Structure formats: C-alpha cells, structure tokens
Amino acid sequence: MGQTSKHKSGFVALVGRPNVGKSTLMNRLIGQKVAITSAKPQTTRNKISGIYTEDDMQVVFVDTPGIFKSHSDLDEYMDKASLSSLKDVDLVMFMVDAKEAGKGEEYVAGLLKDLDIPVFLVINKIDQVHPNELLPIIDSYQAVGKFAEFLPISARQGNGVDDLLKTLKDYLPEGPQYYASDEITDRPEYFVVAEMIREQILRLTDQEVPHSTAVWVDQMNQRINGKLQIDATIFVEKDGQKRIIIGQRGSMIKQIGMRSRKEIENLLGEKVNLKLWVKVRRDWRQDPAFLKSIGYDKKEL
C-alpha cells in the first residue's frame, strides 16, 4: 500500500516595513480580499489572519501592520501588533520591496535576527526590476541576517506565489486543520466591513485625513427589504477633516459609501444598505481609552 501523506498546518507571520505589499500577498494567497490595500503606508493597523486550505495543508497567514518607529499611541499599538505576531508562529516571511531593497530594512531585520524559527526573505515587486538585479539584492540581504529561503515574487501579478506555497509546505510541521475549509479569516464580519470602508477613505482622500480616520460599525442588522442594514461611524480628529470626508454637498461621503457598499457586497455575497456618519473625536490617536473602545488595545497583545 502507498504511504498516506500527512496533513501539514501552521501559522505564518507576514512582516515588513509599511507598503511593501503584505496585504496584497495575503489576498492573493487566500484568493479573496480579507486585508485592505492602498498606496499609502500604514494601511494595516491590526493583525489580520487569512486562512489558506488545501486537502493536505492549512496555513494561517498573519498580516501585520508595517513596523516603523512609534510617534503616537496608535503607532505604538501597530508596532506591538507586529512584534506580538511573532510569539506563536511556525515561520516568518520578511517581505521587502525589490525597488527599494536595502533602504531602512536593518531595523526590521534586527528584530528577526535571533528568532529560532525559519525566516523567509520574500522579495516583492520583481515585475518592476530587471532580472539581473535580483542576485545583488539577495546578496545584500545575506549580509544582514540568516534566511532559510529567498523567494522572489510579484504579489500583484502572482509571479512566484505557487512556488512560495510549495516551499512553505516543505517547512510546515505536521498538524491538524484548525479552521473549517470555507473559512478565510479569523476576523468577525463587522471588523472586515469597517476595514472596507476605511480602505475607500484611504484611496479617496489625501494628506493627513486618511491616517486621522477610524471606522466603527455601529450595527449590522438582518434584512430591511431583503438587504443587510449596516450603520457605521467615521471618526476624524478635526472639523476640517470632517468637511473633507463629507465633501461639497456630500459628494465625498457618497463616493465613499458607494465604493464601500460594492466591496462589502462582493465580500458577503448579499445586497447591503450602508449608512455612514462622520464625527469629530479630537486627538483620538493619543487617547488609549478611545483606542480600546474601537478595537486597538495594546494590553491584549
């Protein structure tokens, strides 16, 4: 009789500086959007787990906020979220941007140097550099730390992602299936819905507005005329930011609402009625009690 293949499973942390493509990679791996993306750094604020399942393997990818030096209570929360994600994982994927390789990566590499678990160097955005540039990039990182594997990919185009999964499978321990096959994230629906709304704010606004914004889902009620009713509040720090979010004659808030509703309907697979409110909460990023009330609690990390 042939030998039955053993089931493999494990937790994998996606770590790297802001805006290197961690959320894009996780969405690519999962095959559906579970983490928001934008061109702006610090898009991800919380640890978000995406779940990839095959017949003989399950990987729980933990997408972390990009590590950077803290300037506010929210920034400190985001750094701690990244570091705490390394406590109980089986493997770390340190993601870097091929276009900016070597610039400022020493800080993150220093955090990973002493880990006693495999660390992969994932070089993203290889579609934006010449193939001849890859070897010098790899050589430069070999001098920085000890990496089990070097994996060039393009998260946006999918290049190298299948090879990444095959390599992961070689390193993961034998283990059970932790989540049902149809689960793609460990986050509740209301959290993902709030992130979808925040993503559109990041995409549509500029300057200090995107990162001065938080979103809280007040309620998700079953069905008004066959639709899911979602009420959410957008918090900003200044009156001027509120005016920008609302826009002239409500034009901006309408755009945010329409785009968010479309993303939420794609995620949930049902029609949605979305209502948005905008409130000023001055200096909320420096208010630990308020941060905790909307889901950012350093003590839980």
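Yeah, the Cβs are placed from backbone N, Cα and C, and that goes for glycine too.
As stated in Swiss-Prot, the feature region 'G2' covers range 42-46 out of the listed 2-6, 42-46. From the options 55-58, 63-66, 239-242, the stretch Swiss-Prot describes as region 'G3' is 63-66. By a simple count of nearby Cβ atoms, those within 10 Å, the most crowded of the binding-site residues N19, K22, I126 is K22. Within the chain, the region 'G4' (124-127) has long-range Cβ neighbours (under 8 A, six or more residues past its boundaries) at 20-21, 25, 95-99, 134, 152-157, 159-160. G16 (GTP binding site) has a Cβ environment of 23 other Cβ atoms inside 10 Å.
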